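The structure appears right after this line, and notes come after that.
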Amino acid sequence: MSKVKVAIIGSGNIGTDLMIKVLRNSDYLEMGAMVGIDPASDGLARAARLNVPITAEGVEGLIGLPNFDEIEIVFDATSAKAHVANNARLAPLGKRMIDLTPAAIGPYVVPAVNADEHLDAPNVNMVTCGGQATIPMVAAVSRVVPVAYAEIVASIASKSAGPGTRANIDEFTETTSEAIVAVGGARRGKAIIILNPAEPPLIMRDTVFCLVDAPDPAVHEEIRQSIEKMVGDVSAYVPGYRLKQEVQITEIPADQPVETLLVDGNRPTHQVSVFLEVEGAAHYLPAYAGNLDIMTSAGMQIAERIAQQKEATK
């Protein structure tokens with residue numbers, strides 16, 4: 001089968017890691033272009049060495065490339081603000097957009113949860129690195145018992161966060177919180193991100209708290225099994241994704257004022273706590289940068305599903 005040509009806009013950490021994944025690992029995708037705005041960026045230099053067509057003139061440079069018409073899918077690894085402009089320029093030209101920023105123009109997609117729901121959408125949003133790591137856990141709980149409130153804390157090495165990630169911190173929390181509800185199935189969601197400055201850099205760690213009304217111990221076992229199955233589903237495309245310790249399900253004390261976190265409904269009886277770590281594949285940055293790995297792996301997973309669907313309908 002012929003591979004689908006893709007372009008990546010954004011030659012920073014995420015874009016460069018994604019390019020290496022496509023070149024090394026993909027049976028369905030082929031690099032058509034690497035696009036940046038800094039001629040001196042390491043990502044563009046690497047792309048040139050790997051014989052990938054490059055431009056340092058942004059989206060207009062991409063449109064001007066001789067092979068532009070051959071490119072079917074465009075990954076955007078810039079910033080939320082830039083993606084709005086890039087999408088406005090490329091969507092009328094028939095390019096499928098996979099948004100790796102928190103812009104969220106298109107529907108949220110987390111491969112382990114809703115990979116096949118939006119394969120025909122012209123633009124899909126990959127939420128955030130923290131969302132890709134934690135929303136599957138919220139969904140794993142909510143498919144067993146309603147989740148009144150879910151809170152996630154994503155801790156990533158400061159060294160792995162480039163200028164685009166830092167510019168998107170506010171959008172990160174807003175987009176992830178919304179996707180916890182829209183994809184994870186919680187009634188209400190909250191997201192917190194920590195850029196950990198520790199040296200040497202620490203591996204990505206994520207904590208997920210879900211408040212549930214589940215007094216039955218048999219349901220607790222169902223929740224644990226659902227979480228373990230979901231971890232397996234995610235690790236199928238992010239091999240470094242794993243539980244850091246056993247799932248904890250604890251009774252909420254009567255004097256704990258959890259009502260302030262709820263939309264409405266019954267008071268939750270238990271808190272489900274999930275502790276994760278994500279080790280990167282070290283395709284670009286070292287293994288501590290699991291936040292890159294989970295984002296780029298998820299994006300590539302969706303692009304490959306789109307390519308497979310296209311092949312199946314020929």
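Here the Cβ of each residue, glycine as well, is placed from N, Cα and C on the backbone.
These numbers come from a predicted model, not from an experiment.
Listed features, source Swiss-Prot:
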ACT_SITE  CYS129  active site, acyl-thioester intermediate
BINDING   SER11, GLY12, ASN13, ILE14, SER160, ALA161, GLY162, PRO163, GLY164, THR165, ARG166, ALA167, ASN168, ASN291  NAD(+) binding site
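Swiss-Prot feature annotations superimposed on the structure.
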{"residue": "SER11", "record": "NAD(+) binding site", "CB count, 10 Å": "27"}
{"residue": "ASN13", "record": "NAD(+) binding site", "CB count, 10 Å": "25"}
{"residue": "CYS129", "record": "active site, acyl-thioester intermediate", "CB count, 10 Å": "30"}
{"residue": "SER160", "record": "NAD(+) binding site", "CB count, 10 Å": "26"}
{"residue": "GLY162", "record": "NAD(+) binding site", "CB count, 10 Å": "17"}
{"residue": "GLY164", "record": "NAD(+) binding site", "CB count, 10 Å": "19"}
{"residue": "ARG166", "record": "NAD(+) binding site", "CB count, 10 Å": "12"}
{"residue": "ASN168", "record": "NAD(+) binding site", "CB count, 10 Å": "23"}
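Taking only the Cα positions, the spacing between ASN13 (NAD(+) binding site) and the residue listed as 'active site, acyl-thioester intermediate' is 13 angstrom. The NAD(+) site in the record is lined by SER11, GLY12, ASN13, ILE14, SER160, ALA161, GLY162, PRO163, GLY164, THR165, ARG166, ALA167, ASN168, ASN291, and its two most distant CA atoms lie 16 Å apart. Here the Cα atom of GLY164 (NAD(+) binding site) is found 13 Å from that of the residue listed as 'active site, acyl-thioester intermediate'.
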